[in-house]
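Enquirer: Before anything else, here's the structure in question.
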């Protein structure tokens, strides 16, 4: 009897101990899971009354990924990545190439979302960005853009941009004539959950004034201008916002990867900087090796004499302060160089941020309409007469036929230059782009 009692007490204690241990494990697991869930929630950017010391790290496992990936066959992947499907005798393909400047057939087969290779340096994966950064308004202007390409641009932005940094996407339709960009576009914008505003111009304004219209409707701290046929890459926005947060007068561009116009293959860009020649033709130049010296290596921001203009970020108040775009320039062309000179000569800085990557379709040029050629000439001359000082003669030596062409009233822009206390073009050559002065005698 006594043995039975002792045995019962022993097994009872053992059972109690087991249940106690299981209860402890259960409670501990719930506590850890709850803490992990909370710790993964991003801190609201610029939220009032919060002191933020925590940093968000975007490594290879923490990069936001598209919520839907279009499934494709191996054949489709081969077509898009290797370009093996390009049929030079396909009349439909040539018709679309002439209309849109790139291979629309492959674009449509990809759907509106796809994964692109992460082309950043491995050192970029170790970069830390604060949880508290400025918010961004993305401005995308379009005119008769292929509908799927526009959706690919918007989808890549919404899928690969943290929602707490994305204030809004502002679409500016510059009076497109394509039916798909009317009711169909309005219908599909519902999928972007209210983050997208669309402005429809009542007359054709051209890219420059369309961007000014978009910027006037923005409410984010930073304006990010994107072309309507690009795809942003992973962790593309944070490096741009971080640079601007450190220096409000810094204007920044991503490193622009190439999306082939015929195969839509996404190709990484080498480290480059934007420059131009005395014909005012923009071009990409290699970066000097000594500029990449130091602990940051290939992730170091690249000092750039000029920007290509299609994709860049600038603090909204600074954009207004330095005079936005020259609103009397027409359509597009050379507004990028005018803004680049103004940034450098009027107290700002222009950098390319290698850890930010955006792919851009290099559309096939099939000849410019006479209206665009006329607009570019007009824009050339406004830039030359406002910003080049005595060096404008270098331009006219190469383009003598433009010396007596009219270019409108530039008084407002000349007064802006005086009001901002801008430096001379000689200063720009001495301090920003000495290689251009060295080429003075090369015609």
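Cβ atoms here come from the backbone N, Cα and C positions, even for glycine.
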Enquirer: So Swiss-Prot lists 174, 228, 332 for substrate; which of 204, 211, 315, 357 goes with them?
Expert: 204
Enquirer: Swiss-Prot tags one of 87, 159 as N-linked glycosylation site; which one?
Expert: 87
Enquirer: According to Swiss-Prot, 227, 229 bind Mn(2+); so which of 360, 378, 385 is the extra one listed there?
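Expert: Record check against Swiss-Prot: Mn(2+) site with 227, 229, extra candidate from 360, 378, 385 is 360.
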Enquirer: By CA distance, which of the binding-site residues (174, 228, 229, 332) lies nearest to residue 422 (disulfide bond)?
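Expert: Out of the listed candidates, the nearest Cα belongs to 332.
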Enquirer: Provide the number of Cβ atoms within 10 Å of the Cβ of residue 228 (substrate binding site), excluding the reference atom itself.
Expert: 22
Enquirer: I need the neighbours of the substrate site defined by 174, 204, 228, 332. Which other residues of that chain put their C-beta within 8 angstroms of the C-beta centroid, in sequence order?
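Expert: Once 174, 204, 228, 332 are set aside, the remaining close residues are 141, 142, 143, 172, 205, 206, 207, 210, 331.
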Enquirer: Validating a neighbour-count step here. Other CB atoms within 10 A of the CB of residue 204 (substrate binding site): how many?
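Expert: Step by step: centre on the Cβ of residue 204 (substrate binding site), count other Cβ atoms within 10 Å, giving 14.
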Enquirer: Mind checking which of 229, 360 has the fewest other CB atoms within 10 A of its CB? They're the binding-site residues.
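Expert: It is 360 that, of the binding-site residues 229, 360, has the fewest other Cβ atoms within 10 Å.
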Enquirer: For the recorded Mn(2+) site formed by 227, 229, 360, name the remaining residues of the chain with Cβ within 8 Å of the site's Cβ center, in chain order.
Expert: 153, 226, 228, 230, 259, 310, 311, 361, 363
Enquirer: If one looks at the chain holding residue 124 (disulfide bond), which residues at least 6 apart in sequence have a CB under 8 angstroms from its CB?
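Expert: Listed in sequence order, they are 235, 239, 299, 354, 355.
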